């Protein structure tokens, strides 16, 4: 059947049935004719080629949409990773800056303490109660450190300072936490011979010593060192107090 039939419709076809069988009388029966009406075909229906082309076009369009979405997702992921990397670098830079600032402040503090010690009068020139405290402390250097001991043969950090200031008629509390709340709070770079030095906050100090000048302090350090004179730069204190 060819496309392009005039009017777009096929005409009626006559279909003739096969010869009927002979009758019992030997006469031939008249052939029967039947006429079948075939359905009209709309030649405007898309051909298989057109359907395939349309399907390919839709597939190509969908592929473009999917590709655009994938590219947008990749771009967003790249931007997020870049922002994360930049934030991490900024944090590292800030940490490095803070660490450098802290080092500079500690160096300045040590320099100030050394300068103060060099310009102050020698320890021997200290008079009255300060001289008595320093003299007592130097006499204890070399003795043992024992936690809870109160002398005279062994001390812990706060019992040593308590015993030293008792020579000057001052009764300090027994433990470093309480000693850190006594007297006038000063900055470490203002420390003078006879001032108390503390490690830890006011009211929560965990170690105490006495500044003896020349950038040094005396303390009952630990079981290994015992009572010793050592430089501030080895173990810088956090705060100081003046009670004399």
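From the backbone N, Cα and C atoms, a Cβ is placed for every residue, glycine too.
Remember, TrEMBL labels are computer predictions, not curated facts.
Model, not experiment: these values are computed from the prediction.
What TrEMBL says about this one:
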type	residues	note
COMPBIAS	21-37	compositional bias 'Polar residues'
COMPBIAS	46-60	compositional bias 'Polar residues'
COMPBIAS	61-109	compositional bias 'Basic and acidic residues'
DOMAIN	127-244	domain 'NlpC/P60'
REGION	17-126	region 'Disordered'
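As a whole-number mean, the pLDDT of the domain 'NlpC/P60' (127-244) in this prediction is 95.
Beyond the compositional bias 'Polar residues' (46-60), no same-chain residue lying 6 or more positions past its ends has a Cβ under 8 Å from any Cβ of the stretch.
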